[in-house]
Every structure is written in C-alpha cells, then in structure tokens.
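Report on the structure given below.
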Amino acid sequence: MGCFSSKELQQSKRTILEKPLVDITKIYILGEELGRGNFGLTRKCVEKSTGKTFACKTILKTKLKDEECEEDVKREIRIMKQLSGEPNIVEFKNAYEDKDSVHIVMEYCGGGELYDKILALYDVGKSYSEKEAAGIIRSIVNVVKNCHYMGVMHRDLKPENFLLTSNDDNATVKVIDFGCSVFIEEGKVYQDLAGSDYYIAPEVLQGNYGKEADIWSAGIILYILLCGKSPFVKEPEGQMFNEIKSLEIDYSEEPWPLRDSRAIHLVKRMLDRNPKERISAAEVLGHPWMKEGEASDKPIDGVVLSRLKRFRDANKFKKVVLKFIAANLSEEEIKGLKTLFTNIDTDKSGNITLEELKTGLTRLGSNLSKTEVEQLMEAADMDGNGTIDIDEFISATMHRYKLDRDEHVYKAFQHFDKDNDGHITKEELEMAMKEDGAGDEGSIKQIIADADTDNDGKINFEEFRTMMRTESSLQPEGELLPIIN
C-alpha cells in the first residue's frame, strides 16, 4: 500500500475501524500463509459457523505510522465494499480489528496467479492462442471499466494482482488487491507515484495523471501476453522509466508480424502516450479483436510462452550470485556495513524499519523522496516482513558497492566456473540455478544469450562482470548509502 512501516503507532486505545475490537480467531480458523508484504500477511481461513474458506489479509497496526496510513486502510476497505459483487473483482466478506491488527476477510481464489495459468499450458505442451489472450485481457479491462464506473482508479494493475477462482479450465479471473486504489475526484490531477515497474504509465512518472493510467497498465499486460516480454528494458540503470516516457515501440520485430493486425491496433491504442487520445475501457471491450469469437484460436508460437517464463525468471541468476558474494564477505569487510546498520537501527531491535531508514538516510545526506525510500525498503526486504535485518542490509548495500571490487566478482565467477576453464557453461549455470530452485532450460539459455557478447555460447569473466554491474532501475537513481570501503 506504500505507506506501511515503523514503530511510531503502537497499539492505540482508539480503534482504526471505529467499531468494537473482535477476536478473529473466535470466528475463523486461520490457516496457511498465502502471501506476505511490508504491511503484514494474507492467510487462508475457514469460517467456523459455515465451514467456508476465505482469505484473510492481516495488517499490523505497528506498521501504520500515522493517520494518513490509517486512512489508506479504511479507504481500501471502503473501495472493496463498494466494488464487491462486480464481475472479476474479489468479493469482500468483512473487516475486523483486534488490539494488534486489522483483518480484511475476502473471497478465496485458489487457482493461483494469472501468469501461472498461462505458463501451465506451456509446461504441459498445450496450445495458447490470441483467443486466450483476448479472454484474459477482456476480464482485466472489465475490472477497469467497472472500477471507473464505480468511481475508483486502481493504479496498480499487474498480473500478480489477478488470481483465478479455481484450477478449473473455466475459472474466473479476479483482481484481489486495492491497496493503491483511490476514489476518483472530478477534475483532480493526481501527482503521487503509484504502480509497479513495467506497468506504470508515462504520465504517472511525470506526476500528472488520471484514470487513463489504468488502461496503459492493461495495455502492457496485453503486449506481454502477445509477445512474451515487456516493450521496455530495465537495464542499464534508469533506462526503463526513460523508455516508458519516450520510446517508440517497434511492431515490425518478431513475433508481431505474426499477430492479427487488429490485435496490434488495439495494443497501440491502449499504449498511446497521450492519455486524452488513449482508448477507454468501454472502447477496448468493443474493439473488433476483443469481441467474443473474433480473436484467432490458432496456436501462438511456443517462443512466446517460453519468453513469458523467462520474463518471470529475470535476474534470478544475479540473486544467486549476490547470495554467494554476501555469504563470503570477510568479517573486516562486513564490519563497516554492520556499523552503518547499527547507526540506522536506532532502537537497537536488530531490524531497520521504514521510518528508521528514512531518518538514517536523511541524516546521511540523502534527499530521496518518500516513494524512493519505500522502493528501496521493498527491494532490500527479501523476506517481506516489513523490516530489514543485518543479512538483508549487507546483501542490499553489497549489491550496489561491493560489486565494484573485482576480487568479489572474480571469486563468485570461480565458484560457478566449476572446471576452472575460464568460462561458465550452460551446464554450470544450470547446476547453479537448480541448487537455488530457479530457472529452466529456456531461462538458462536466455541468461547466457544476454551476457554472451562474443557469441561463443559461454560466459567469460568480463561478460560476467558486466552482467553483475548492470543495475536494475527498480532502485532509485543516485547514491542511497555512503560507500563502505
């Protein structure tokens, strides 16, 4: 939701929802964890009186740092109530509050994420066609249309926020998260940064936007569904946001010549950089390619599905390498990072909260915005518990600075170059990825292809070093922390 973290709001006597406190465990049996974020976690739960299964999103009060954040929670609940019952939108059940948390109980969607459904077709060798893509985007744009009609701008449309109601072939796609959503105020120009990389609209980056930004995000999803990758690249650092604002998308490259011209026309209309000229949700649903039965059921080349799989596996090898480097830093090298961690962790809890990170960075001379610090927090918080521990801190700071030292990168290269022949081969890369439970053959081939500038089918040290020093634009630009030598 963008504004959770800190210990400032301890268990308050007044209630956030302005109704009596309730022990949720007397109403529901809380079960397995479904997901975790900076604000808390979502669990499967069973209603004791009926035996029905729901999902329970628990927001810890200690993560709400001010009244603005409390208002964000109340707004999310109001929006879910207002939209409940609309097609393709998760059903709101109820909201409760106890002394520690706010609990939002909603419909349980047991079919997994949207991309998982598509990739399952790839895994079992089934076909995937424009017809499937049109059906998926129809559900997504139907959400946008209903949100806008009901006076809500979603602001964070991405595949991860869409789940399937079941594992059945005819399962319904539903949007589940309204943490970034706002009520649309007539004539208001929105300026705050909201959304996710890849899917964020250019006008959002420019700080001047309205509900049309949701159509752009849906258009990016459609683009990816039809070609298997994003139109924008994250590397080198900062390039993606610049491309979102200005890059002319090339539809002459494969596989676009194989796509229906009407599909391409729709993507172009949804990705018009002028929000005033961009197609509306109702117009998308009425587009010739989108009409029921119009999109081709001819199987799309398997390369698109394999690209989708690689798109999800992006940067996994880098994470494997970073984990190795962090684990092998000497005590002397870690000493400086530990000192910095201790200075920022002012309450000496062993964990850095968002508020401590903001205060610490300001004290160190950083002028990052609130959103940029939140992005940094999210990137460093690997286990998603809302705080940064010492290991996460070392990995995050080492990621940006220790990679400038050849000895660290070379030591990692040697670790993955099992036969010490000066190259990381496909087999060696496969071994490294499988040890970490990441990557398939297509992803591994793509990692090599992306890094292998001399096209010999292997990764030498120079290529490895270049790959590891190429940053992701997920991190805010500029120096975040002082360099530790």
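The backbone N, Cα and C atoms fix where each Cβ goes, and this holds for glycine too.
For the ranges 16-46, 78-108, 295-325, 388-418, the feature annotated in Swiss-Prot as region 'Autoinhibitory domain' maps to 295-325. Neighbour counts of Cβ atoms within 10 Å were compared for the binding-site residues S349, N351, and the top value is held by N351. Geometry remark: E356 (Ca(2+) 1 binding site) versus D156 (active site, proton acceptor), CA distance 26 Å. Residues within less than 8 Å, Cβ to Cβ, of D156 (active site, proton acceptor) and separated from it by at least 6 positions along the same chain comprise D177, G179, C180, S181, A194, G195, S196, Y199, S217.
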